[in-house]
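**Student:** Shown below is the structure under consideration.
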């Protein structure tokens, strides 16, 4: 039907006859001449109909979002009427004929006025929202990114192999989406949270290098950057080590950013241990564009009478830190400090102590804070020296249980960095490595990543003889600008070590056999050393397109309650369907 997209129309086509198709983006009547901006996925082109044209009445009857096909001759725009904002802005099409393919009702919101439209309305009419050039750009970028990744992995010997969606329910940290079986009454499939076990089994099968662009599902409470169904770049390889995965993935991600948005990353990426990341930034996914670091002052506060600091300073499970904000005296108002105090409270902090450094030559008198009177001058100036604080700086303090301090002050660091625009560069990719194998909660061990991550031991004897809480894993996360974009590990490839890890996690031999028997069996039939990584496509596209809303980069996303406002899913099903599956719905008690 068409000969050209809108973006193809330029001065090189002057005098040529073209056919375009698209939506009426805007209609204007200037002195009896009809000007139409026609929109397709590539942009806009101006179509002009003069009153003496046989199709003038049709052009005059058009309204926003009508779908049309038009023929005409490309002409240079009159001098001074060029539009530098669009690729076809030097030319216009003098219309010969026009056909209305379909009319449109008045749309529920104007495409140019989307910011004043509630997100619920945009999600209900998602097919309208997706007509916006900004939204189309994000999904086109997504398509280009996935194409680049496929080409890179294909060219590096990885095989695209599909794994099942209907599989066995296994615990991986979040709730499974369950699918009832009609053939096996009372039994259920689970939608995969990841293809983890299947990709490991492909390594046992000898495929050596695997990848898949795959949907995954998690029935969990949603955050702003989470969806119940999400897309992974899933990768696994055999006879490799951490260095192979990290160097290969650096090349892939660096190439992806250069190809899609023209950004060049220096390689190799910075590598930071988990312990250093927590110690300096309170987070295992630090945003290194922000030049603020924690300074440990635990030892300095141990002998002070100020219990708010000395209590945690003498508790092995706690920490006391200072965070210097250069020029913070002028940049942070009393109102902002009060807001930050409320902010850290979200993470369990009981308060937010601070000191303003007005004058270093006046001793205590040059320091402004409610806490100054409670701390000796010697200790105060030790802290000032440790933090390299200068006049005009402000110090924030975190004191308490280590997790609360890390979470609250890590979040505060990120917030202040954004509020004060402290970013010293545009991009900061890094690897975080040497994660603990386990984390403890309610006196029980949990896998920091997942139960198939290899510990840094060479035998089951080493595993048995090491305190589980002191074990490191062979895991690695890629972090860009404070987002964990990918996570992976070298896997356990020996059956005895895998069985022992299950045991340490409180999974009995019988339970392990019932849930993971097929995997344990596979490990006994000659399993190579193998490892891999998975990248969240959605988060990568968020970074590539500069959005903070994950729903912007998914064509048909769910809300934060995991519902689809457009299709009204989830929905009830007929009693006949439920009976066929042997399911009875229990009514919610009120």
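Here the Cβ of each residue, glycine as well, is placed from N, Cα and C on the backbone.
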**Student:** For the ATP site that Swiss-Prot assigns to 218, 219, 220, 484, 536, 537, 538, 539, which of 227, 495 is also named?
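**Tutor:** That ATP site, as Swiss-Prot gives it, pairs 218, 219, 220, 484, 536, 537, 538, 539 with 227.
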**Student:** Looking at 196-199, 200-203, 204-207, I want to know which stretch Swiss-Prot calls region 'Aspartate'.
**Tutor:** 196-199
**Student:** Based on the record's binding annotation for ATP (218, 219, 220, 227, 484, 536, 537, 538, 539), what whole-number value in Å is the widest Cα to Cα distance?
**Tutor:** 20
**Student:** Looking only at the region 'Aspartate' (196-199), what are its DSSP counts of helix, strand and coil residues?
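**Tutor:** Per-class counts: 4 helix, 0 strand, 0 coil.
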